[in-house]
Protein chains: 2
Amino acid sequence: MNLTILGCYAATPRTFSNPTSQVLEIRERVFLIDCAEGTQVALRKNKIKFGKINHIFISHLHGDHFYGLIGLISSFALLNRTTELHVYGPEGIKEVILLQLKLAKAYTQYPLHFHELRSTEPEIIFEDEKVRVSTIPLQHRVYTNGFLFEEKQRERKLNADALREFKVDASQMHNLKAGKDYVTETGSIIPNRDLTLDPRRSLRYAYCSDTQYFEELATMIQDVDVLYHESTFLQTEIHLCERTKHATAAQAAKIAKLAGVRKLILGHYSTRYDGIELFKTEAEAIFPDVHLADDGKNFNFEADFNL
Amino acid sequence: MNLTILGCYAATPRTFSNPTSQVLEIRERVFLIDCAEGTQVALRKNKIKFGKINHIFISHLHGDHFYGLIGLISSFALLNRTTELHVYGPEGIKEVILLQLKLAKAYTQYPLHFHELRSTEPEIIFEDEKVRVSTIPLQHRVYTNGFLFEEKQRERKLNADALREFKVDASQMHNLKAGKDYVTETGSIIPNRDLTLDPRRSLRYAYCSDTQYFEELATMIQDVDVLYHESTFLQTEIHLCERTKHATAAQAAKIAKLAGVRKLILGHYSTRYDGIELFKTEAEAIFPDVHLADDGKNFNFEADFNL
C-alpha cells in the first residue's frame, strides 16, 4: 500500500498548503480519498495519472474535502476519459455534481456512477477479488464517514525447492497458490504447507477525518495497520472541539492506543499553528508510533513502515 | 484602473497556469471577474485583500470561469466577513451555490446577494456615483456575458492660480468641481472653465470571454480604452472555433480594430500551444497595440498604457 498526501490542512486552500485529499494505491487500484479545491493540480504535481483513478471516496460535503470534485470530473471529460468513474459520498453529492454539469451543458461522455451513503452503521461499499472498502461512521457537524481499506488475503507463495523435490506439475500452481493440497499421480496427498510459504501479510488502512473524539470509533478500526486520524487542534485549543466537532492530536493518539493500531498518521491541521511538530510531540506522549502527514508526502506502508 | 490577471488559460487548472479570473481595481472599488478553481489561492499569491472584494462578476457557468466561486464564498465566511457580497452571473448560479452551502450546513453569516442575468441585450447591472458596469452579451456554447466597466466623469480639477486671482471663497469648491460657474459677490459670472481644468479622462474596460467571433460585438464596445478578448486558438486551429464557440487571436484583433479600441489584451489561451508569443504576432498583423495577459501580470491602465 502506498499513500500520497495531496493535502492535509483544514479549512481553506492557501499558497503553500492544501485542504484534504489523498491517494491510496492498493493492489494496483488507485483510490482518491476526498477531493478539496486544487486536488487536480496537486495530482499533477505529485505525478499521479488521472486515468488510473476509477474510485473516489468523499467523507463529507464540507468544502475542504469536496470542492475540487466537480473540477476533476470535468477535467476527466476534457481529457476524453472513457472508463467508468465511481463516486462514493453522502446523499446530495449526486444532485450537486449533476446540477453543475447541467448548467455547464457538460455531461460526461464516460459512465459516472454515484454511490450515495446514508447509513450510520459501517457498511461495505466496494469489494473485488483483492480489496474491500467499508465506511467508518464518524461524528462531525454534517453526515461524515471515514473509510477502511483492506487488502484481501494474498495468494500463498510457491516454495520452489519443495516443488522441485516433489516434482509437482506446472498445471497445479494455481491450486497451490489458492491453498489446496497436492495429490500425486499415485494418489498420495502432500499438504499445501509443505509446498508453499505464507503470503505477505494483508494490510488495513483506516482514514478518519473529520470527527470529534468518541471511543466507539476504536472498536471499528481495531488492529488496523495504519490509522490516519484528524488532529485539527492541540490540547490547548480543546475547547474548540465541542463546537467544531474536531479532535486534538492527543485524542487521535488515544484512539490509536485504544484500537491497538500499529502506526498513526496525523493530519487536518488547523492553519492557526506556526508548525506541525507540536502535533507529533503531543500525540507521542500517549502513543509511540506517530507520523505527520504533509502535502506531497508519501508513505509506503511496506518500505517506510516495515509492515 | 488597475487589472491583475489571476489566471488566463483555458480549460483545466495546471501546475503553472490558472483558468480565468481577474481583479479590476477601479476608483477604489475592487471587482472580481470570473472565479475559476484556485482563484482564492491566486488572490493570496497576488496579495489582493479578500475583504475588499464586494462584487463578483461571472461570465458563464463553465468550470474554468466559475468552479472557484463556492470555495471563495465559503472562505469569506470562515474569515468572518460581515460586509455584503454581490454576485452577478447567469441564471442558475444562485441555486448551485445555495445547494452547496446547504449540504455543508454552512450558510454565510454575511449578506450574500445574487443578481441573476438572463437578458440577451446589454443592460446596466451595477452603478454608483463613480462607476458603471454593463453586460456585453456574447456568443458561446452556454449563456455568456462579457462586462463593460466604465468610470463615470471625474470632477473637474481646481485651477489654484485662477482661484487666487478671482479670490474665490472656499465654500464654492464643491460647485466648481461639479462644473458650475462662479457668481461673485457683486453678481458677475465667471465661467467654470476659467477656474478649473479638465479632469483626467474617464476610462472604459471591456472584458470579453468566452465568445465566438461576431461583428456585432464591436458595436457594443466601440471606442473602449482597453479590450480583453479571448483568443483560445491561433488561426491554424480556426476549424475548432465553430464547434467550441471560441475565437482566434486574429479574430480578437479584428474586433479590436472594428471597435476602434486603444489597447487589446489577449487571454484564454488553449494549453495546446507551447508558448503564447505567437498569439501576439498573429494579432499584431491586424491591430497594432496588442498585449498578452499572463498569470500574475498587472496592467495599470494609466501608468503602463499611458491612458
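Glycine is treated like the rest: Cβ placed from N, Cα and C.
Automatic, uncurated: that is what TrEMBL annotation is.
Taken from TrEMBL as is:
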type     : residues                             : note
BINDING  : B:His60, B:His62, B:His140, B:Asp210 : Zn(2+) 1 binding site
BINDING  : B:Asp64, B:His65, B:Asp210, B:His268 : Zn(2+) 2 binding site
ACT_SITE : B:Asp64                              : active site, proton acceptor
Pairwise CA distance, B:Asp64 (Zn(2+) 2 binding site) versus B:Asp210 (Zn(2+) 1 binding site), rounded so that it is a whole Å: 10
Within reach of chain A, those binding-site residues of B:His62, B:His140, B:Asp210, B:His268, CB-CB under 8 Å: B:His62
List of residues, in chain order, with Cβ under 8 A from that of B:His62 (Zn(2+) 1 binding site) and at least 6 apart: B:Arg141, B:Val142, B:Asp210
Alpha-carbon distance [B:His140 (Zn(2+) 1 binding site); B:His65 (Zn(2+) 2 binding site)] in Å: 13
Which of B:His60, B:His65, B:His140, B:His268, all binding-site residues, has a Cβ with the fewest other Cβ atoms inside 10 Å: B:His140
B:Asp64 (Zn(2+) 2 binding site): tally of other CB atoms within 10 A of its CB: 28
Between B:His60 (Zn(2+) 1 binding site) and B:His268 (Zn(2+) 2 binding site): CA-CA distance (Å): 14
Number of other Cβ atoms within 10 Å of the Cβ of B:Asp210 (Zn(2+) 1 binding site) across all protein chains: 26
Non-site residues, in chain order, whose CB comes within 8 A of the mean position of the CB atoms of B:Asp64, B:His65, B:Asp210, B:His268 at Zn(2+) 2: B:Ala10, B:Pro19, B:Thr20, B:Asp34, B:Ala36, B:Ser59, B:His60, B:His62, B:Ser209, B:Glu230
Conformational class of B:Asp64 (Zn(2+) 2 binding site) under the three-state DSSP mapping: helix
